[in-house]
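Here's what TrEMBL has on this protein:
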DOMAIN    1-202  domain 'CWH43-like N-terminal'
TRANSMEM  49-67  transmembrane segment
TRANSMEM  79-100  transmembrane segment
TRANSMEM  112-134  transmembrane segment
TRANSMEM  146-168  transmembrane segment
TRANSMEM  183-212  transmembrane segment
Amino acid sequence: MALSNNHICPVHNWNYNQSCGLDSPGSCCTLDHIPLVSKCGTLPPESCFFSLICSLGSFMVILVGLLRYAHVLEHVGPSLLNTLGLAAGWICAAGLTMVGNFQVDHAKVLHYIGAGVAFPTSMLFVFLQSVLTYRAAKTRGHYWTGHLRSILTAVAFVTLVFSGVFFIQESFVLQHVAALCEWVFIIDVLVFYGTFTFEFGAISTDTFLVLLKASRAPKSHKGEDSLPGTEGLPML
């Protein structure tokens with residue numbers, strides 16, 4: 001939609017100009033037309049869909065993160081890495097909400113804060129989930145899933161680093177490469193989320209019972225600590 005409204009230039013375009021006048025051809029591109037993800041949702045009407053997609057995406061990240069946490073808790077037990085993965089996913093969702101609702105041309109500082117939160121925590125989330133996949137692996141298929149996620153994690157890391165390094169450069173060509181890396185990173189992470197279908201197909205009511213029991217465990221533990229000596233009451 002942004003491309004059809006001439007708000008960005010196509011990804012196959014590598015020719016940029018310092019400025020474009022009224023008599024410039026329709027293919028004239030400046031720094032404002034580089035096809036970064038944020039630029040695709042800056043101006044209406046695509047900005048409305050951009051906010052909607054980011055808001056729905058943040059909700060899905062929260063939901064997937066919680067389901068994944070419950071699944072690992074059921075099969076591996078309490079784990080610090082699992083808790084960190086849940087926290088990273090939810091922080092990523094908060095950053096994604098900021099990215100979608102504060103467009104870069106109108107609220108640049110808040111938009112960049114949201115991006116600075118969403119991208120690194122997303123990278124941390126996929127890394128932790130790759131490690132947890134190997135820890136929970138019991139069959140050859142589980143290990144192959146871990147290998148796939150490790151490859152996706154490596155691609156995400158490389159593209160994220162290149163995107164950040166090239167984005168701060170003044171060269172139009174390097175910033176265009178940054179945009180390409182940004183798109184590859186996002187698609188890679190979406191594919192990574194898609195691999196959770198292997199585990200989520202086995203989720204049952206027992207998974208949610210484990211999650212509910214874990215959430216109530218600190219309260220019951222506290223109650224037991226507040227009544228010292230009660231272990232001997234049945235003997236009386």
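Placed from the backbone N, Cα and C atoms, the Cβ positions cover glycine too.
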Intrachain neighbours beyond the transmembrane segment (79-100), with Cβ under 8 angstroms and 6 or more residues off its ends: 38, 41, 50-55, 57-59, 61-62, 64-66, 68-69, 72-73, 110-111, 113-119, 121-122, 124-125, 128-129, 131-132, 135
Long-range environment of the transmembrane segment (146-168) - Cβ separation under 8 angstroms, sequence gap at least 6: 119-120, 122-123, 126-127, 129-130, 133-134, 137, 174-175, 177-178, 181-182, 184-185, 188-189, 191-192, 195
Taken over the domain 'CWH43-like N-terminal' (1-202), the model's mean pLDDT: 90
